[in-house]
Every structure is written in structure tokens, then in C-alpha cells.
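Participant: Got these off Swiss-Prot a minute ago, pasting:
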BINDING   Gly52, Phe54, Asp72, Asp90, Asp114  S-adenosyl-L-methionine binding site
ACT_SITE  Lys154  active site, proton acceptor
COMPBIAS  212-252  compositional bias 'Low complexity'
REGION    212-267  region 'Disordered'
COMPBIAS  253-267  compositional bias 'Basic residues'
Amino acid sequence: MAKPYDPKDFYYRKAKKQGLRARSAFKIEEILHRHRLLGRGDAVLDLGAAPGGFLQILAEAVGEKGVAVGVDLEPIRNLGKRWVRTAIVDLLAPDALDKIRLLHDGRFRLVTSDMAPKTIGIKVTDEARSLELVRMALSVAEQVLVPGGAFVAKVFMGGDFPALKRELQGRFAAMHVIRPEAVRESSYEVYVLGTGFRGRAAAVAPAAVKAEAPRAPAPPEQAAAPEEATAPATRAARQKPAPAKKPAAAKRPAARKRAAKKPARRA
């Protein structure tokens, strides 16, 4: 049986001692240490940023020449750094991207998400809701990442997790599953990391290829397309003799001759 969550565990106390807002700060710190995702002057977007644990580490990583944007449904207390910008944003709202672009009108080198659903204790349901949040974050990332950028998101591993991995593999050059040391022993959360973003067009292509791959007759269908394209020309070629119905025109004079002969007989 899993150990009950102790809010005052080692990482909780360590975070408080270092002035960090949440123990999650150590998770993103470890990921950044293991993978070079950000540099000074870069722009980073943190989704579900409250209370600001991730954002504190990300802001330090990009420095004062960079931009760190954090959005959440809850207000995020000011970090006291001019290059950190926050806002209350509902990612499901149609104007979510517009609000994000008001904070930074360029693209981002990294998009992170530490969002988690309100768990109800039913593992299958919690996993499904977690996957929904990751896919929502990924949808935002696809629209704001620079080519070659990276995506990090927390997810409860299980259920449809293999499908999520395939989605990430189709969108990024490399995909990793990371379990930072700061994750509670009883938790089944991990972080997925995609690096080398290929762009939105590439994100659609792999899925299309997989959908078409099982169709063995696909090449013949492609060959049939030109035939359909040329079919009207063939029909037109067959119809070319139609205007030249000169035999009918030739019969008309004959009919006139017969009509002319009739009066002669009467005479």
C-alpha cells in the first residue's frame, strides 16, 4: 500500500528553506540540469504556473534578458522580476492564445506544464484526466514553440500513456520519460519531455502516414487518380465525331427532293 502523502517531507522543507514556493521547483530544476533546454535570453511559457515553483526556476534559467511567462486559473503572486509576466488564463477559452501573446508576442523556446487534475482516487479516471491536460498543453505548445523547441509536462503514467508517447514522437525529434527524484515515492507521476520540435505541419504528417500505412491498395488508388483526371478527355474524344453529323445533313436535301417530286406526280 502506498505511503500517505507527507506535506512536510524532505523536499517540502528544502523548498521552504530556499525560499521556493513549491517542492515542484526541484523537479524542473533536475530536468533542466539533465537536458539543456534553456539558455540566457530565451523565452519560456509555464502552463498551470501557480503558485510559481516552476516559474522561479525557469526565470533564473533565462535571466533578465529572457522572458518567463506563467499562466493559470489561479492568480500567481508577483515574483519581483521584471522579465517575469503572469496572467489568469483559462486554456480552454477561445481567447487563451491571445492573452498569452499579450504577455509575449514572440515564440517560446520551452513550454512547460505541471498541471494535474483534481484526483478522486479512481486510478483510471485520474489517469485519463491527466492525459487530457497534457494534450491540452501540447495543443498550446504546437502553436507557440519555435522550431527545435522543447515541451515538458507532468502526466500520470498508465491508461493511454503509450498513445501519448507516440503523439510526442511524431511531433518531436526525441522523446523522454523522466521521473525526478523530488517525485513522491507513492506517486505514479512522470514527466514527458519532447525536444527538437518539428513544427505543426510535421505534427500532422506522422499520424496521416500511420493511418495510410495499413492500406496496401493505397498506391493503386493513387494511380487511379490520374485515370479519373483523364477520363473527361477520353469522353470528349469520343464525342468529337458527334458535331460532324453530316450524314443527317445530307439526308435533308434528299427529303427536299422527294417533296419536290410529289407535285410533279400530281401534275
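Just so you know, glycine gets a Cβ as well, placed from its N, Cα and C.
The model shown is predicted, which means the values in this text are computed figures rather than measured ones.
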Participant: For Gly52 (S-adenosyl-L-methionine binding site), name the DSSP secondary structure in the helix/strand/coil scheme.
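Facilitator: Looking at the DSSP assignment, Gly52 (S-adenosyl-L-methionine binding site) belongs to neither helix nor strand, so coil.
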Participant: Of all the binding-site residues given, Asp72, Asp114, which has the fewest Cβ neighbours within 10 Å once its own Cβ is left out?
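Facilitator: It is Asp72 that, of the binding-site residues Asp72, Asp114, has the fewest other Cβ atoms within 10 Å.
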Participant: Express the distance between the Cα positions of Lys154 (active site, proton acceptor) and Phe54 (S-adenosyl-L-methionine binding site) as a whole number of Å.
Facilitator: 12
Participant: Find the longest CA to CA distance in the recorded S-adenosyl-L-methionine-binding set Gly52, Phe54, Asp72, Asp90, Asp114; express it in Å as a whole number.
Facilitator: 19
Participant: Is Asp90 (S-adenosyl-L-methionine binding site) helix, strand or coil when read with DSSP?
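Facilitator: Where Asp90 (S-adenosyl-L-methionine binding site) sits, the three-state DSSP reduction gives coil.
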Participant: Same-chain residues six or more away whose CB lies under 8 A from the CB of Phe54 (S-adenosyl-L-methionine binding site)?
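Facilitator: Correct list: Ala22, Ser24, Ala25, Lys27, Ile28, Asp46, Gly70, Thr112, Asp114.
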